[in-house]
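Q: Before I ask anything, here is the structure I am working with.
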Amino acid sequence: MNALASRPSIFSCEAAHGKMALVAEGGGQRGIFTAGVLDAWLENDYDPFDLFIGTSAGSQNITSFLSHQKGYAKRAIGGLSRRKRFFQLSRGLAGGNVVDLDWYFDKTTEGKFALDFTAATKSLGQRELFITTTNSRNRQGYFLRPNGNSDHWRQLLKASSALPFLYKQGVKLTPRLTNRSANCGIIDDYPQADFYLDGGLSAPLPVSEAYRRGARKIVVIRTVNTDIHSQSAWIQKLKSWIYMSGHCPKSIDYLVQHEQAYNKELAFIKDPPSDVEILQIFAKDTLQSKLLGSSDIDLQHDYRAGIDAGNAFLHTQ
């Protein structure tokens with residue numbers, strides 16, 4: 001077996017009655033592991049969740065899970081994110097965007113790469129979905145709900161994936177910041193159309209947010225190994241690209257913020273409140289894919305690991 005679900009006795013306590021949540025971590029192309037997990041669940045019609053929270057690639061995976069498009073995330077990661085049009089480091093060195101998110105999300109309206117937002121909306125029903133973003137002005141995390149409109153939903157996905165330096169300015173949004181947003185106590189009555197960036201900068205692993213919203217059983221799909229340094233590895237890679245550019249000190253600040261937020265969530269998972277059960281799904285062996293630039297062989301390996309992990313989790317339920 002190539003993957004496993006962490007045992008409840010490690011990071012969980014007796015669960016009280018409450019919502020069941022799915023939290024999907026980001027990680028760029030490593031999200032293909034999550035794609036495998038969710039495809040295994042689609043194959044077995046497993047979807048008991050009341051609440052979904054996705055960060056970056058995790059939000060894209062959850063969307064295709066809700067639309068019941070088995071195999072979609074695998075196609076998108078392998079068929080779009082590996083193209084030179086999408087990722088070109090030389091563009092960043094010349095002052096442009098390393099990652100062409102505009103092209104990528106335009107492709108999600110076409111042919112085999114089209115996301116079925118209508119089906120996702122119907123499947124979601126009265127349940128809750130939050131897509132994490134980071135406001136570039138105040139650096140706070142926002143948990144935004146799609147309004148059912150496909151263009152709005154697609155823009156939220158783009159914002160949640162817009163890493164600084166790789167997609168420099170971010171995505172301009174005028175989000176519907178209602179009392180259900182994470183920042184309800186400090187939101188202006190008439191919010192500005194600010195630019196929003198990758199949700200992983202402020203909420204890389206929003207487990208405590210799921211708890212705050214009433215979840216008492218939380219399933220977390222991780223795109224790192226149980227070794228905490230796995231996360232720092234791709235952060236260091238991103239830092240190296242930024243340093244090569246000779247500028248972007250603000251981007252470094254964002255990455256420091258990411259690591260602080262990440263460590264805070266790890267502490268919550270390690271010592272959770274007594275009324276919550278947290279189940280983590282990890283790859284048993286080291287994932288072969290990277291943030292970007294993964295080979296097809298590595299992606300196939302990690303997708304199969306995700307399938308194994310998803311099936312292994314089902315055997316525990």
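Cβ atoms are placed via backbone N, Cα and C, with glycine included.
Unlike curated records, TrEMBL annotations are generated automatically.
Quick paste from TrEMBL:
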| type | residues | note |
| --- | --- | --- |
| ACT_SITE | S56 | active site, nucleophile |
| ACT_SITE | D198 | active site, proton acceptor |
| DOMAIN | 22-211 | domain 'PNPLA' |
| MOTIF | 54-58 | motif 'GXSXG' |
Q: Taking the Cβ of S56 (active site, nucleophile) as the centre, count every other Cβ atom within 10 Å, in any protein chain shown.
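A: Around the Cβ of S56 (active site, nucleophile), 30 other Cβ atoms lie within 10 Å.
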Q: Which numbers of helix, strand and coil residues does DSSP report for the motif 'GXSXG' (54-58)?
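A: With helix first, then strand, then coil, the motif 'GXSXG' (54-58) has 2 helix, 2 strand, 1 coil.
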Q: Are there residues of the same chain, six or more positions away from D198 (active site, proton acceptor), whose CB falls under 8 angstroms from its CB, and which are they?
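A: Residues satisfying the criterion: G26, T55, S56, T133, T134, A159, S160, S161, A162, L163, P164.
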Q: Translate the DSSP assignment of the residue listed as 'active site, proton acceptor' into the three-state scheme.
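A: Note: the residue listed as 'active site, proton acceptor' is in a strand by DSSP.
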